[in-house]
Amino acid sequence: MAQAAKRHVLVLGAGIPGLQTSLSLLQRGHCVTIIAAHTPGDLSPAYTSPWAGGHWRSHAGTSSSDAKLRSYDSRTYQAWTQMLNNAHANSEGKVKSEVEAEMGLGFRPARYYWGKDIAETEGRDGRGIWFRDVVDDFGVIDLEQQKEATLGEEKVPDAAVMGIKYKSICFDPPKYLLYLFKVVQDLGAKVIKTSVDTNSGLAGVVSSCIAVLRKEGIDEAFAIVNCTGLAARHFLEKAEAEKLFPIRGQTILVQGEAEMTRTFVGLPDAPESDMLYVVPRPGSGSTILGGCKQIGNWGEEVNVDINQRILAGMKRFGLCDELRGYDGEFEVLSYQVGFRPGRKGGPRVEAEGKGKIEGLWILHNYGHSGAGYQNSFGCAEEVVRLIQSLSTV
């Protein structure tokens, strides 16, 4: 197979879509310059990626319209599995926890419970779970047997109608972002930390990017990849901008690493936007407790009532008893608010349909809602394929 032509690509944004896109491009031999207002280590409500949970759990359904989402998610599970296996195999005497702490990534058992029947619980036997053959160690939990668990045995929420287990991959977002940031720079990516003009539409963004490059002595580029998440609403045409919306999340960071990741959705006697999840951050000595998905909510202030519902739910359903102290309480480290980049129709991973702007191809990789990490490899590799298919003329 002929080697693809080496191209200089400008990646706009340094969240998880931007960093993984950069890495995938670099691994294919392309040159990358990243322009971003926020980079790993920054903590701003406008910088979504550090505030994630997070763990691999696909939100795609079984319909044909979700085929691309399924492919993005499955590819990422496979890639993360390979990354971790390679890291452990080449750890040079480091123990598992040291490798995980360096990467911010690690395998963890997962438990997922539903309190109400939906499409995924059809038959309550796993047939509605499309990724049952993608993940390792998948199984349907015998709820009746587990509900009678004695002291020391694994418990399940008494209100659950179905539960599954599988081998998931958890991540510590701030650490994993820093890990990727270092990797892409080690591979040659140039990073320019600055804002671009978003007041004159997409064409204005392109002009602003070209000006930034020229200021750095860079006169040539082949394409720009828009990985700006919710910020894209400031410069896209109205029809595209109106598809974007925030999905507010609120979490609690507590001391200690949970044994596994656990999620309970369809909660009884709770707002529809509420859910409960426990996500250990590998190698960090801490765990995220959540949470909620509040569509269209831009509120940056921590909601005390939501905090109370999270903690009460954890205690009621026994989702993270191993981290409770002798007094029955969690040791809270911080409270967090973040905004998932929602988009009507799902993520936009495509080339701009209007051709080049100022001689540059424009591609998009944004609008991933709460799936920016778990589909990161699949979406980034789609961008690489698109770039390699574009004409140099």
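The backbone N, Cα and C atoms fix where each Cβ goes, and this holds for glycine too.
The Cβ of Thr48 (FAD binding site) lies under 8 Å from the Cβ of Gly15, Gly229, Leu230, Gly338, Phe339, Arg340, Pro341, Gly372, each on the same chain and at least six residues away in sequence. What TrEMBL lists as FAD binding site is Thr48, Ser49, Val206.
Secondary structure at Thr228 (D-serine binding site), as computed by DSSP, is coil. Around Thr228 (D-serine binding site), a 10 Å sphere centred on its CB holds 26 further CB atoms from the protein chains shown. TrEMBL lists Thr228 with the feature D-serine binding site.
In the three-state DSSP scheme, Gly370 (D-dopa binding site) is classed as coil. As annotated by TrEMBL, D-dopa binding site applies to Tyr277, Arg340, Gly370.
The annotation domain 'FAD dependent oxidoreductase' is assigned in TrEMBL to 9-385. Confidence for the domain 'FAD dependent oxidoreductase' (9-385), expressed as mean pLDDT, is 95.
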Reduced DSSP assignment, Thr48 (FAD binding site):
coil
For a quick check of packing: other C-beta atoms within 10 Å of the C-beta of Gly370 (D-dopa binding site), how many?
20
Largest pairwise Cα distance, Å, within the listed D-dopa binders Tyr277, Arg340, Gly370?
16
Show, in sequence order, which residues other than Tyr277, Arg340, Gly370 on the same chain lie with their Cβ within 8 Å of the centre of the Cβ atoms of the D-dopa site.
Ala52, Gly53, Gly54, Ile247, Gly249, Gly290, Gly291, Lys293, Ser369
Number of other Cβ atoms within 10 Å of the Cβ of Ser49 (FAD binding site) across all protein chains:
27
Measuring Cα to Cα, how many angstrom lie between Ser49 (FAD binding site) and Gly370 (D-dopa binding site)?
10
